[in-house]
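> Starting off with a structure, shown below.
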Amino acid sequence: MEAPLVSLDEEFEDIRPCCTEDPEEKPQSLYGTSPHHLEDPSLSELENFSSEIISFKSMEDLVNEFDEKLNVCFRNYNAKTENLAPVKNQLQIQEEEETLRDEEVWDALTDNYIPSLSEDWRDPNIEALNGNSSDTEIHEKEEEDEFIEKSENDSGINEEPLLTADQVIEEIEEMMQNSPDPEEEVEVLEEEDGGEISSQADSVLLQEMQALTQTFNNNWSYEGLRHMSGSELTELLDQVEGAIRDFSEELVHQLARRDELEFEKEVKNSFITVLIEVQNKQKEQRELMKKRRKEKGLSLQSSRIEKGNQMPLKRFSMEGISNILQSGIRQTFGSSGADRQYLNTVIPYEKKSSPPSVEDLQMLTNILFAMKEDNEKVPTLLTDYILKVLCPT
């Protein structure tokens, strides 16, 4: 079977306009240099390559000729190939670079491949081509890097050095001096003298702490204690023991004060809780009474209509007499056990310049709790509250 013929005219249609119209003229090289005869006889077979390109040849012939030309090209490694592939000089390279620099299409293609200064190209996770990411993605990545740096700074990577004991004591002293006491704002005028005395005691205690701290800084070292005499050591020991006693007493006082504040907080919370529960129950009772009153009015209206339709047989009946007696007993001796309620009891209260004390809140809490439970102790508790708080003897 014969090999198919290949027509090179169709494949080289784009090259034809570049050729000269005169067939006798020799073709010009790609770079504008005139061709020369090959000096090496081993390369003389390549001169007829351009003329043979136009002819019709089979695939087998083309492959064979290509192999022959390859063998000719690589036969002599010292052969000069400048005539086959002329080397550009520096001027031509510079002109081509300037031409590419002025091309808008080339600039549009190569702008996305410019490396960013903020990117670390040694990072294995970075993309192989920077052109794949748009300007928005690059901006988002820069913002993410800045956020990571801020989070690292906030997380304590650049932590400040730890404070010494002397610095901590100084900060505590400044806090105690600068922080106002919230209790002094709500204290009555009678307790102002006690507040002044306590503030003076605190200032004296602070002075003692400062003096003791200075002594510790000056003498509390191995060398300093070693060069001190026995009397000086004894005096320093007495100072330390006295400071320990004073600080222990102050600590006990502050702990007791903390317990008092916690107890006061619990009493206030319980008072507020019981008060809200009583108010909710009073609201429910009012709604229930309105509902009963409405139902009673409807029943009375219906009974009147029925009585108007019927003629009374007797002027008095046993049922009417019984109802009259029961209503009289209720008005005389009070309501029955089912209707006895202390939920709507009114507690007298006198508003003072100072808030109620813990004892007053405890008594009010007990009264409210008895009202919520509908306990019979409400009158007794209310009497005690009036005699002890409102009208003390």
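Cβ atoms here come from the backbone N, Cα and C positions, even for glycine.
Model, not experiment: these values are computed from the prediction.
According to Swiss-Prot, the region 'Disordered' annotation covers 1-41, 130-154. What Swiss-Prot records for Ser58, Ser299, Ser317 is phosphoserine. Sequence annotations record features per position, and here Swiss-Prot assigns coiled coil to 231-299 based on sequence analysis.
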> Within 10 Å of each Cβ, count the other Cβ atoms, then let me know which of the modified residues Ser58, Ser299 comes out lowest.
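Output over modified residues Ser58, Ser299: least Cβ neighbours within 10 Å is Ser299.
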> Using DSSP with the three-state reduction, classify Ser299 (phosphoserine) as helix, strand or coil.
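Its secondary structure by DSSP: helix.
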> Looking only at C-alpha atoms, tell me how far Ser299 (phosphoserine) is from Ser58 (phosphoserine), rounded to the nearest Å.
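Rounded to the nearest whole number, the Cα-Cα distance is 121 Å.
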> For Ser58 (phosphoserine), which DSSP three-state class applies?
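DSSP call for Ser58 (phosphoserine): strand.
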